[in-house]
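S.K.: Mind having a look at this structure? Questions to follow.
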Amino acid sequence: MTNSNRIKLTWISFLSYALTGALVIVTGMVMGNIADYFHLPVSSMSNTFTFLNAGILISIFLNAWLMEIVPLKTQLRFGFILMVLAVAGLMFSHSLALFSAAMFVLGLVSGITMSIGTFLITQLYEGRQRGSRLLFTDSFFSMAGMIFPMVAAFLLARSIEWYWVYACIGLVYLAIFILTFGCEFPALGKHAQHSQAPVAKEKWGIGVLFLAVAALCYILGQLGFISWVPEYAKGLGMSLNDAGALVSDFWMSYMFGMWAFSFILRFFDLQRILTVLAGMAAVLMYLFITGTQAHMPWFILTLGFFSSAIYTSIITLGSQQTKVASPKLVNFILTCGTIGTMLTFVVTGPIVAHSGPQAALLTANGLYAVVFVMCFALGFVSRHRQHSAPATH
């Protein structure tokens with residue numbers, strides 16, 4: 001593979017995470033405007049975003065098989081057509097049913113693209129490079145989470161319709177579409193060469209279950225928290241711009257945290273530092289919820305930084321539970337995390353309708369506490385120390 005081809009594929013991976021990050025994170029910023037557009041209460045409107053998350057979950061789950069049947073380049077190009085149709089549906093329809101369908105299609109497209117992006121990084125890089133590249137790729141999710149809430153706040157403050165936010169997100173997929181030209185993708189399934197000997201199967205162990213629960217609770221807690229921060233902040237009397245700044249601050253420090261921890265983690269036992277980070281994140285989230293308005297930006301900045309390495313560390317630890325890294329095992333943990341994404345508004349919507357946004361934030365805080373317990377329990381059963389003695393974390 002040529003170096004320019006590798007660079008193009010790596011950028012497709014980076015942008016695939018940015019696309020999903022933008023779609024998922026911008027929800028909290030535009031939800032109130034979309035609710036007004038359809039004349040619905042915010043808590044009812046949040047349920048329709050479950051279609052976005054369901055699309056992401058279904059596509060990540062199915063793409064484990066789809067990647068072996070349909071070439072990756074074909075999937076990405078067809079995804080661009082679907083993206084254009086979905087954004088057009090949002091712009092030109094006033095039907096809630098069509099809005100839900102468009103959200104589902106956006107979820108399908110971003111889920112397929114993200115699973116292809118993850119696969120490309122694991123194929124292109126090995127050993128130490130794979131871990132650091134995966135963490136750097138994941139930082140594009142956060143980068144989009146920092147940029148697009150600011151874009152949304154800029155557009156909404158100027159009374160520009162909410163659907164233009166999704167048109168801006170579509171530009172990320174346009175970049176992916178352009179990169180597919182003159183680019184060779186790894187072949188899979190019937191398109192691949194079958195020269196390698198089969199790898200012996202290994203039992204996963206109970207540690208994988210702890211990590212799967214941690215992944216689900218972490219993503220559900222994180223998105224449940226960040227999706228309702230704008231409504232919570234507005235309820236405290238903050239402006240839309242200030243509420244958006246809190247979300248952007250979180251993802252900005254999350255992004256810097258990922259870059260910092262891609263260097264820091266190699267000096268520590270991964271399970272131990274993961275337990276410490278999960279505990280700190282739970283405490284910092286509690287301080288944000290119960291603290292004064294003046295201290296909220298500082299708490300959300302430190303929360304973003306210290307929670308940034310948790311999800312990628314969970315996935316890395318999962319891959320180290322077997323002697324040979326299992327794509328199915330990693331996909332299982334990713335799927336559990338995506339289930340957390342799908343459940344975000346299923347769980348928090350009724351809580352907000354009944355008890356308000358603060359109750360949703362406290363629920364998210366409880367889920368972070370569960371992540372801490374799972375990471376602590378993992379210390380007694382994890383196999384990563386025996387499997388990664390010569391390798392890096």
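Each Cβ is built from the backbone N, Cα and C atoms, and glycine gets one as well.
Below, the features straight out of Swiss-Prot:
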type: TRANSMEM; residues: 11-31; note: transmembrane segment
type: TRANSMEM; residues: 51-71; note: transmembrane segment
type: TRANSMEM; residues: 78-98; note: transmembrane segment
type: TRANSMEM; residues: 101-121; note: transmembrane segment
type: TRANSMEM; residues: 134-154; note: transmembrane segment
type: TRANSMEM; residues: 162-182; note: transmembrane segment
type: TRANSMEM; residues: 206-226; note: transmembrane segment
type: TRANSMEM; residues: 245-265; note: transmembrane segment
type: TRANSMEM; residues: 273-293; note: transmembrane segment
type: TRANSMEM; residues: 298-318; note: transmembrane segment
type: TRANSMEM; residues: 332-352; note: transmembrane segment
type: TRANSMEM; residues: 361-381; note: transmembrane segment
S.K.: Taking the transmembrane segment (51-71) as reference, which of 11-31, 78-98, 134-154, 162-182 has the most Cβ pairs under 8 angstroms?
M.R.: 11-31
S.K.: As a test: from 11-31, 101-121, 273-293, 332-352, pick the stretch that has the greatest number of Cβ pairs under 8 Å with the transmembrane segment (134-154).
M.R.: 11-31
S.K.: Compare 78-98, 162-182, 332-352 by their Cβ pairs under 8 Å to the transmembrane segment (298-318) and return the stretch that comes out on top.
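M.R.: Stretch with maximum Cβ contacts: 332-352.
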S.K.: Cβ under 8 Å, sequence separation of at least 6 from the ends of the transmembrane segment (162-182): give me the contacting residues as numbers and ranges.
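M.R.: Distant Cβ neighbours of the transmembrane segment (162-182) are 8, 11-12, 15-16, 18-19, 22-23, 26, 29-30, 33-34, 37, 73, 76-77, 79-80, 83-84, 87, 90-91, 106, 109, 113, 144, 148, 151-152, 155-156.
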S.K.: Sort out the residues at least 6 away from either end of the transmembrane segment (245-265), same chain, that have Cβ-Cβ distances under 8 Å to it, and list them.
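M.R.: Tertiary neighbours of the transmembrane segment (245-265) are 21, 25, 28-29, 131-132, 135-136, 138-139, 142-147, 149-150, 153, 226, 229-230, 233, 238, 273, 296-297, 300-309, 312-313, 393.
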S.K.: Take the transmembrane segment (11-31) and find every residue of the same chain, 6 or more past its ends, with a Cβ under 8 Å from one of its Cβ atoms.
M.R.: 42, 45-46, 49, 52-53, 56, 76, 106-107, 109-111, 113-114, 116-118, 120-121, 136-138, 140-145, 147-149, 152-153, 156, 162, 165, 169, 172-173, 175-176, 179-180, 183, 223, 226-231, 244, 247, 251, 341
S.K.: Mind checking which residues of the chain, 6+ beyond the ends of the transmembrane segment (206-226), have their Cβ under 8 Å from one of its Cβ atoms?
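M.R.: Hits for the transmembrane segment (206-226): 24-25, 28, 145, 247, 250, 278, 285, 307, 310-311, 314-315, 317-318, 321, 329, 332-334, 336-341, 343-344, 347-348, 360-361, 363-368, 370-371, 374-375, 377-378, 381-383.
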